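Going by Swiss-Prot, these are the annotated features:
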- C92: active site, acyl-thioester intermediate (ACT_SITE)
- C383: active site, proton donor/acceptor (ACT_SITE)
- R223, S226, S252: CoA binding site (BINDING)
- M1: N-acetylmethionine (MOD_RES)
- K200: N6-acetyllysine (MOD_RES)
- K233: N6-acetyllysine (MOD_RES)
- K235: N6-acetyllysine (MOD_RES)
- H353: site 'Increases nucleophilicity of active site Cys' (SITE)
Amino acid sequence: MNAGSDPVVIVSAARTAIGSFNGALSTVPVHEMGTTVIKEVLQRAKVAPEEVSEVIFGHVLTAGCGQNPTRQASVGAGIPYSVPAWSCQMICGSGLKAVCLAAQSIAMGDSTIVVAGGMENMSKAPHLTHLRTGVRMGEVPLADSILCDGLTDAFHNYHMGITAENVAKKWQVSREAQDKVAVLSQNRAEHAQKAGHFDKEIVPVLVSSRKGLTEVKIDEFPRHGSNLEAMGKLKPYFLTDGTGTVTPANASGMNDGAAAVVLMKKTEAERRMLKPLARIVSWSQAGVEPSVMGVGPIPAIKQAVAKAGWSLEDVDLFEINEAFAAVSAAIAKELGLNPEKVNIDGGAIALGHPLGASGCRILVTLLHTLERVGGTRGVAALCIGGGMGVAMCVQRG
């Protein structure tokens, strides 16, 4: 991916606030959230809609969202019909994979300017049944599309939470260690919110209700005042035989939100007199055993950092998606990461995990955090249901 003297750069990055399940953003169609962030990143980059070559978004729970929701989001943002738009599906990694695909398209010369990102409204995900051939007798069971299409491992037919329990057991991550990761995430997110660290990256979403328009611009999911004592009282959710360690508090949530970035070559940014947020140095993806899908970022990060010609010690900040605290602890342990460099403003346990959006959300947060603290090198990475990981290295300056 390293493009030498004319690398692919990111010139703008924004996200919506993250809504709780059935919360502030639950009534907003997913393509409208996509439209909101596309409009914002184009405006920040001073790029006219007709100058865009392509739009690529990660989106996982597409059932009932209408034909090609990314195309709907693109057109809604004023991008003309002549500009193609499409979505990619890599579960939790979708939003970052979309950015990788955009960078590839530009590096290959197929595109000049690409808007990439991700979006998800988990609150609107429907329940499903198959009635195509009719039902002669009896009840018709409904399947939750969040579970069957997003959170259930297709190879072992169990919930992602069980994969976290598998990681906790194999990497010897105790319940207390998981709760400490979760409390740290919540406390960091609380501090970041109160200090205004997310203000620059968030674009408000206008939500219609009987009371009129409401502006949603603050992440809804964090639980301020979180502490170990309260968290320790929760019972394990996925294994209830006395061996479980994963609880609702040390796992990420089900959430709604969208994020986007604008990419172009460095020379194009210079021509437009734009100062890039960062250049994309490398990216990588890897596969692991699906039963321990959460450790996918370990090989992905190692490979991406090696491609960049860096060592792990060279990296100033990591944004690694907190699908589960057990997973976060195992990754940090295996890679020997300094906790002061990882998710310094909290992660998905506190902020939430809108499936298709999270990959780009963590990249947006990484870019703005690097800028705020004066860091140079950053890594964004996610584990992926089904046993995969994806990682990207970016560099400022």
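The backbone N, Cα and C atoms fix where each Cβ goes, and this holds for glycine too.
Sequence-ordered, the extra residues of this chain that approach the CoA site, with Cβ no more than 8 Å from the Cβ center of R223, S226, S252, are A182, S185, Q186, A189, F221, P222, A249, G253, I349, A350.
Nearest Cα neighbour of H353 (site 'Increases nucleophilicity of active site Cys') among the listed recorded positions (C92, R223, S226, S252, C383): S252. For S226 (CoA binding site), the nearest neighbour among the listed recorded positions (K200, K233, K235, C383), judged by C-alpha distance, is K233. For S252 (CoA binding site), applying a Cβ distance below 8 Å and a minimum sequence separation of six or more within one chain yields N321, E322, A323, F324, G347, A348, I349, G352, H353. Minimal Cβ crowding within 10 Å, among the recorded positions K200, R223, H353, is found at K200. Checking each of the recorded positions C92, K233, K235 against the residue listed as 'active site, proton donor/acceptor' by C-alpha distance, the shortest gap belongs to C92. With K235 (N6-acetyllysine) as the anchor, the candidate recorded positions are C92, K200, R223, and the one with the nearest CA is R223. When secondary structure is read from DSSP and collapsed to three states, S252 (CoA binding site) falls in the coil class.
Near the residue listed as 'active site, acyl-thioester intermediate', with the C-alpha within 10 Å of its C-alpha, lie none of the recorded positions K200, R223, K233. DSSP classifies C383 (active site, proton donor/acceptor) as strand under the three-state reduction. Of all residue pairs in R223, S226, S252, the annotated binders of CoA, the farthest apart have Cα atoms separated by 15 Å. Just so you know, the Cβ of C383 (active site, proton donor/acceptor) picks up 33 other Cβ atoms within 10 Å once every protein chain is counted. Among the listed recorded positions, namely S226, K233, K235, the Cβ with the most fellow Cβ atoms inside 10 Å is that of S226.
Secondary structure at C92 (active site, acyl-thioester intermediate), as computed by DSSP, is strand. When the alpha carbons of R223 (CoA binding site) and K200 (N6-acetyllysine) are compared, the span between them is 21 angstrom.
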